[in-house]
Amino acid sequence: MSLIDWFAARRKDQFVGKVSQDTDEGDGLWVKCSECSQVAYRKDLISNFNVCNNCGHHNRINSDERINIIADKNSFKEFDSLLSPTDPLGFKDRRAYADRIKESQAGTGLRDGVVTGICSVNSMPLALAVMDFRFMGGSMGSVVGEKITRIIERATLENFPILIVCASGGARMQEGMLSLMQMAKISGALKKHKEKNLLYMPLLTHPTTGGVTASFAMLGDLILAEPKALIGFAGRRVIEQTLREKLPDNFQTAEYLLEHGFVDVIVKRKDLKDTLTKILKIHGVKELAEANT
């Protein structure tokens, strides 16, 4: 190896060592795309809604970032922010459930895995629930179920459309049957919302699985999804072992579900607000100032 090659290798090692693999972690200047391995300047990635400029991969984002994309500036009013999970079963596997809660709360600044509230989208009202995968994999426990149910009930009372941004590994096993019952509770609240002919849209992001998919994620009047999002109930390996068949490579992706009629539209993150605006207008949602006159 020549001296020039040696210096070039050293520079490459130093450069790569400062690259983060995850947009949610670290404060490095550079981020490597988990899909195509392209290295991007962090500020450029953030300005593009955390979507890779090279391959279009939609990196995972947190609830605050989601709200900023969807809601008009300073329009989001959060509800039920003080609700916090307990440990009704005294559950312990490798670690105590209570310790897992504390760790997730400290790491995310959230009390549980969903943020709910009312906002406006280009001056039109929208009830909004945003699940945050950082909090115990977006799992649905009793607090997540209660907060989503409450925002649906508020939307029903005030005749607002609702959008639920789904990002979840499913029901939270540490709460047992209390977690599973949230599926029925949320579905019941959505039924009353539907009876008033109000619009409900789930946005399926990566990943949307388990009990969330088996309940409110698939009950929308219009089901939206982000590109290449993993959407399903059981895992691919479980299904293949059960059926003893090899599944298609794109199985359980947003594109596969769109092709087979389970998803209505795939929306790129940069187009989400414009798409929501068009849908709300088509469904006759009035701007707040107009609705109050």
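Placement of Cβ uses the backbone N, Cα and C atoms for every residue, glycine included.
Pulled from Swiss-Prot, these are the features on record:
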DOMAIN    29-293  domain 'CoA carboxyltransferase N-terminal'
ZN_FING   33-55  zinc finger
BINDING   Cys33, Cys36, Cys52, Cys55  Zn(2+) binding site
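Other than the site residues Cys33, Cys36, Cys52, Cys55, same-chain residues with C-beta atoms no more than 8 angstroms from the centre of those residues' C-beta atoms, the Zn(2+) site, are Ser34, Glu35, Ser37, Gln38, Asn53, Asn54, Gly56, His57. When the neighbouring Cβ atoms lying within 10 Å are counted for each of the binding-site residues (Cys36, Cys52, Cys55), the highest count belongs to Cys52. Classification of Cys55 (Zn(2+) binding site) by DSSP places it in coil, neither helical nor stranded. Cys33 (Zn(2+) binding site) is surrounded by 20 other CB atoms, counting those within 10 A of its CB over all protein chains shown. Mean model confidence for the domain 'CoA carboxyltransferase N-terminal' (29-293) is a pLDDT of 96.
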